[in-house]
Amino acid sequence: MADMLKKVPVREQAPEVRAKNFEEVCLGYNKEEAMDESTRCLECKNARCIQGCPVAINIPGFIKEVKAGNIEEAYKVISESSALPAVCGRVCPQESQCEQRCIRGIKGEPVSIGKLERFVADYALENDINPEGPKEKNGQKVAVIGSGPSGLTCAGDLAKMGYDVTVFEALHELGGVLVYGIPEFRLPKQRVVAKEIEKVKGLGVKFEKNVVIGKSVTIDQLLDEEGFEAVFIGSGAGLPMFMGIPGENANGVFSANEYLTRSNLMKAFDDSYDTPIAAGKKVAVVGGGNVAMDAARTALRLGAEVHVVYRRSEEELPARVEEVHHAKEEGIIFDLLTNPKEILVDENGNVRGMKVVKMELGEPDASGRRRPIEIPGSEYEIEVDTVIMSLGTSPNPLISSTTIGLDVNRRKCIIAEEETGQTSKEGVYAGGDAVTGAATVILAMGAGKAGAKGIDEYLRNRDK
Amino acid sequence: MYKILKAETLADKTYLMDVHAPRVASHCQPGQFIIVKMDDKGERVPLTICDYDRENGTITIVFQAIGASTTRMAELKAGDSFRDFVGPLGQPSEFISEDIEELKNKKILYVAGGVGAAPVYPQVKWLHERGIDADVIVGSKTKDLLILEKELEVVAGNLYITTDDGSYGRSGMVTSVIEDLVQNEGKHYDVCVAIGPMIMMKFVCLLTKKLNLHTIVSMNPIMVDGTGMCGACRLQVGDEVKFACVDGPEFDGHLVDFDQAMARSRMYKTEEGREILRLQEGDTHHGGCGVCGGDN
């Protein structure tokens, strides 16, 4: 019987072992552990956890099925709301969403909703249980731009409603940030991402890779020439930011996007692939978000000593607590309240170090976090051969600059209504990072859902 | 899959292929590029577009076998396919959007070095089809390595060939031909477009700056995705950092920091060399590459 105050612990690879491989860190629950944990759910009538979920999964509903050992039924409950539960069970920040609202959490630990979701979804992948497809097709064509979390969710929902959906992807693999951004050790590509995308395909969604919208074809052409009646833009936020400090173009300075893309998408960590990666021996990762943790832990696995350089204190680290915890366990060194001033470059154009300055925290700024201030005269040099800039990303202007009548804000984010995803252009909807700037997988999925609903309403009303 | 309809060897380690890629062929313009990934394990290789046929939906690419992926690409024949072929990427050449009548009044000089003749060809052809004949200098190490001479002859105004070893045409570097034309033969040009190895573009730009001749170059730095996502291709252009893949590949050559760009292109020299050794020697590879820690 489970301790009602505590989560059933989840098995993980030991830190000293996993620091040297790319296998998944968290091993997840088995059926016995999942059923044990499920008994902790109180099945609240007014379930607050559901309100905390951006795609409103019927959480007590699926946990009830787990309690009874009906895992297939549990999957059906989840798949009514989410197209990617095996992904979300792994990468959602449950601690600030569903689990944060769990009544159990008031006295003790909340129910481990994320790990239960993951167990159910993995069971469905292993046992080939599929979500229910559309009852009948309506023949109306909808295009979805981007095969990341928002695009896949929108496409899956539209397909279930009976639409004829085609997803266009610029890269050579499907999944967007799930394949180029999030590393294998957090989200296995073949076993989880590819298989969950197969389920979306099973709903009748078509995929066309290697199509850069705005270059290979424009949105206006999709609408006017290729017979699509509506378009959902889920193109993400792909443009990396740099600091603008001296030495940033030296060899050995990478955007986190480049470092992670080489390792995750191009599989540079595996010697049998052609794409190389300069892993570095001593690496500084600048930034404190989830992407910074991913880059740091990738560099560690490629054999480097890794420092995370972050200008605020540990409390302000934007990364999930679990990621920071895992990173520390694996031996990542955190240089907090430290900010880069200059990248030091040798005569061959390679990084030889970084000049940094100590910081202290002042009054709260617009984000509510205490503003970091330089401590005068506290500059010093650290010796590194690689610097990975993980300062965030912004949306790619490729689509907005080639679509007539599509409005963006000053940060180049597409302007769209939150409830429906509707943009300034008729028939064009958008959601995810392309609208909000870099955020989370689950928020993008929530926006994909809203977009599907918005498109459905638009096409129904138009055809009345 | 993207079918290869024609595969030819143009010169030693230099190959031409026609590839069926209708979406690319329907939208591409001179100056743009594509990315090809031959199979599951291959690199994403950026290549400039050498020619295109909108009706038949084909793109002509020219490449050199210099890395692990391109060496394997060279073995493909007509009838084989590439796994991935994406584009067109980057911005079209500036003149595409210029007023054609104004363009007709301009004297344009193209300078191509080595396989740089491939991306120069569609630009000169585009101009020729609109009644504008640009002069073209093609530099090659030797006669044997010269490519696309016949094709360029048809579309160029004057075609000047020069070889480093004097085995064909004029003798010497492309820069000495530019000097000859402008200083000794009284030619006047309003704009120069130089495409070739970075070191060639650098010296062309040093010269044309002295000659006060506006010069556009096409940069070919290391890239991964080619859509603005990774920043591997970033360049210092004047006061700004630009991404060659989305802002370029063509830039004002007088503003490009070539020394930095050349240093950046050496980034993976060792790793690339290692890959080639691994490929050529297979299981018999036992060190010597300086990286793998083999037994010598």
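Any Cβ shown, glycine's included, is placed from N, Cα and C.
Just so you know, TrEMBL annotations are computer predictions that nobody has curated.
Here TrEMBL flags B:VAL62, B:PHE63, B:GLN64 as FAD binding site. When secondary structure is read from DSSP and collapsed to three states, B:VAL62 (FAD binding site) falls in the strand class. Around B:VAL62 (FAD binding site), the C-beta neighbours below 8 angstroms that are at least 6 residues distant in the chain are B:LEU10, B:THR14, B:TYR15, B:LEU16, B:LEU47, B:THR48, B:CYS50, B:VAL115, B:ALA118, B:ILE147, B:LEU148.
The number of other Cβ atoms within 10 Å of the Cβ belonging to B:CYS230 ([2Fe-2S] cluster binding site), over all protein chains shown, comes to 28. Residues or ranges marked as [2Fe-2S] cluster binding site by TrEMBL: B:CYS230, B:CYS233, B:CYS245.
The average pLDDT for the domain 'FAD-binding FR-type' (B:1-95) in the predicted structure is 94. Annotation source TrEMBL lists domain 'FAD-binding FR-type' at B:1-95.
In this entry, B:CYS230 stand out among the binding-site residues B:PHE63, B:GLN64, B:CYS230 as having a C-beta under 8 A from a C-beta of chain A.
Secondary structure at B:CYS245 ([2Fe-2S] cluster binding site), as computed by DSSP, is helix. The DSSP breakdown of the domain 'FAD-binding FR-type' (B:1-95) into helical (H, G, I), extended (E, B) and coil residues amounts to 14 helix, 46 strand, 35 coil. A Cα-Cα distance of 19 Å separates B:CYS233 ([2Fe-2S] cluster binding site) from B:PHE63 (FAD binding site). What surrounds the FAD site, by Cβ distance within 8 Å of the Cβ centroid and not counting B:VAL62, B:PHE63, B:GLN64, is the set B:THR14, B:TYR15, B:LEU16, B:LEU47, B:ILE61, B:ALA65, B:THR70, B:VAL115, B:ALA118 from the same chain. Here the C-alpha separation of B:GLN64 (FAD binding site) and B:CYS245 ([2Fe-2S] cluster binding site) works out to 20 Å. Within 10 Å of the Cβ of B:PHE63 (FAD binding site) there are 24 other Cβ atoms, across all protein chains.
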